[in-house]
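> Residues or ranges marked as zinc finger by Swiss-Prot: 17-38, 80-120. What Swiss-Prot lists as Zn(2+) 1 binding site is 17, 20, 35, 38. The Zn(2+) 2 binding site annotation in Swiss-Prot covers 84, 87, 112, 115.
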């Protein structure tokens, strides 16, 4: 006796697998479309009449406005008593970012408010 297959986990169109939600590949020359993640398969005839449209948007060269150094986030943080190794100025702004995995410490970026020299410290 064969067990009945449970109903799908997702309500979706044929772009996504109804079992795991992954994006299904485009139909090819095979008789079935098979989900590469969970192995769910549908008959390729179920995709009949489906239209796939793609578009690529190219931005004009030079269309973005570069930020000046004064506008970056590194100079908007708090200032601490830390001597710049390049110019010797006392006072550096800092900000933190999670650059490594979540179970490791953050990276602290220090920026000299005088000469804009930047250094980092892994904490």
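Cβ atoms are placed via backbone N, Cα and C, with glycine included.
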> Taking the center of the Cβ atoms of 17, 20, 35, 38 at the recorded Zn(2+) 1 site, which other residues in this chain have a Cβ no more than 8 Å from that point?
18, 19, 21, 22, 24, 36, 37, 39, 40
> Counting other Cβ atoms within 10 Å, pick out the least crowded of the binding-site residues 17, 20, 38, 84, 87.
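Across 17, 20, 38, 84, 87, these binding-site residues, the one with fewest Cβ atoms within 10 Å is 87.
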> What is the interatomic distance between the Cα atoms of residue 87 (Zn(2+) 2 binding site) and residue 20 (Zn(2+) 1 binding site), given in whole Å?
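Residue 20 (Zn(2+) 1 binding site) has its Cα 57 Å from the Cα of residue 87 (Zn(2+) 2 binding site).
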> Taking only same-chain residues 6+ apart in sequence, whose CB is under 8 Å from that of residue 35 (Zn(2+) 1 binding site), what do you get?
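Listed in sequence order: 17, 19, 20, 22, 24, 41.
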> For residue 115 (Zn(2+) 2 binding site) and residue 38 (Zn(2+) 1 binding site), what Cα-Cα distance in Å is obtained after rounding to a whole number?
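That comes out at 55 Å between the alpha carbons.
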> What Cα-Cα separation, expressed in whole Å, is found between residue 38 (Zn(2+) 1 binding site) and residue 84 (Zn(2+) 2 binding site)?
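Roughly 55 Å, rounded to the nearest whole number.
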> Would you list the DSSP helix, strand and coil counts for the residues of the zinc finger (17-38)?
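Here the numbers are 0 helix, 4 strand, 18 coil.
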> Calculate the per-residue pLDDT averaged over the zinc finger (17-38) and state the result as an integer.
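Mean per-residue confidence for the zinc finger (17-38): 86 out of 100.
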> Mind giving me a neighbour count for residue 112 (Zn(2+) 2 binding site)? Other Cβ atoms within 10 Å of its Cβ, every protein chain shown.
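Taking every protein chain into account, the count is 23.
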> If the Zn(2+) 2 site is taken as the center of the Cβ atoms of 84, 87, 112, 115, which further residues of that chain fall within 8 Å of it by their Cβ?
85, 86, 88, 89, 92, 113, 114, 116, 117
> Can you check what DSSP calls residue 84 (Zn(2+) 2 binding site), collapsed to helix, strand or coil?
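In three-state terms, residue 84 (Zn(2+) 2 binding site) counts as coil.
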